[in-house]
Amino acid sequence: MPETITSRDAARFPIIASCTLFGLYLFFKVFSQEYINLLLSVYFFVLGVLALSHTMSPLMTRIFPDSFPNKQYQLLFTQGSGEAKEEVVNYEFDTKNLVCLVISSVVGVWYLFKKHWIANNLFGLAFALNGVELLHLNNVSTGCILLGGLFVYDVFWVFGTNVMVTVAKSFEAPIKLVFPQDLLERGLNASNFAMLGLGDIVIPGIFIALLLRFDVSLKKNSRTYFYTSFLAYIFGLGLTIFVMHTFKHAQPALLYLVPVCIGFPVVVALLKGELTEMFRYEETPPEDEDAKEDSSDSEKKDQ
């Protein structure tokens, strides 16, 4: 089930992220980088295999023919006995899911032993897609709080200290996408990379996804705010790359992404006279919707 981010969560997020980042920085300063990365590699191997398998599953469903023998399985763990028995794990899957898991495991082993940039990016994209799918903002105001707070966080830790850059270069895990700058010279064996943190994809991504759901709620059969924010993201990312190459210095991507991802849709809403409607739009968490359905059902029974 998706996790809904409230305004309180959004306000605390930059503080929690700062503590985590600085904690990692201290870890790399105090302990051996080799052993930390070995532990993290195993941890992200497991997470990456599961995330990539989940991401591939819809694609595999389309690729496999209808004649494919697709059997259903169930993994069930319980604790206790008799009336006190409780489900700990109840996971249903099929043969197609197992095929996805095998393919993902091959990519995982490739990443674990070779740390190849393609395997890193496959895992990174899987993490980003799952993040956008499972994290939801409840309204536009919460999105502005989250993006604004992380705007300050990104600028401070990149320009104010060397913490962000040090951790990004030391952290050998698929928490970033890497782009080979010497691809033409060295091909797949490229070793000089530019980096884009997954936070620079997921955080604007969940805001863009919120605007897509707002488009749907308007019932106008258009995706104006989604396309506006998506093009704004591309523009902001291009501006980041341009400035980075111009000044030859690492840039906080959110410095450029946040103003355009918020500013462009707000300007469009102003021009269309839908600004108030945009900021009034609010989503109800799935658990709240279930509670409402249960209460309405009970009311009907009472009547």
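Easy rule for this one: first residue shown is 1, then count along the chain.
Positions of Cβ are set from backbone N, Cα and C atoms, glycine also.
Predicted, not measured: the structure shown is a model, and the values here were computed from it.
TrEMBL lists 293-303 with the feature compositional bias 'Basic and acidic residues'.
Look at TrEMBL and you will find 282-303 tagged as region 'Disordered'.
Look at TrEMBL and you will find 12-28 (among others) tagged as transmembrane segment.
Within the chain carrying the transmembrane segment (35-56), a Cβ under 8 angstroms from the stretch's Cβ atoms is held by residues 27-28, 97, 100-101, 103-105, 107-108, 111-112, 115, 122-123, 125-127, 129-130, 170-175, all 6 or more beyond its ends. TrEMBL lists 35-56 (among others) with the feature transmembrane segment.
Counting same-chain residues at least six beyond the ends of the transmembrane segment (134-159), those with a Cβ under 8 angstroms from any Cβ of the stretch are 2-7, 9-11, 13-14, 17-18, 21, 165, 199, 202-204, 206-207, 209-211, 214, 250-255, 258-259, 261-262, 278-279, 281-285. Among the features that TrEMBL reports, transmembrane segment is placed at 134-159 (among others).
The list of residues near the transmembrane segment (193-212) in space but at least 6 beyond its ends in sequence, with Cβ under 8 angstroms from a Cβ of it, reads 5, 17, 117, 124, 127-128, 131-132, 135-137, 139-140, 143, 146-147, 150, 168, 175-181, 223, 225-226, 228-230, 233, 236-237, 241, 244, 253-254, 257-258, 261-262, 265, 283. Positions annotated as transmembrane segment by TrEMBL: 193-212 (among others).
Residues or ranges marked as transmembrane segment in TrEMBL: 224-247 (among others).
Per TrEMBL, the feature transmembrane segment maps to 253-271 (among others).
Here the transmembrane segment (253-271) has Cβ contacts under 8 Å with residues 143-144, 147-148, 150-151, 153-155, 158, 196-197, 199-200, 203-204, 207-208, 211, 224-225, 228-229, 231-233, 235-237, 239-240, 243, 277-278 of the same chain, all six or more residues outside its ends.
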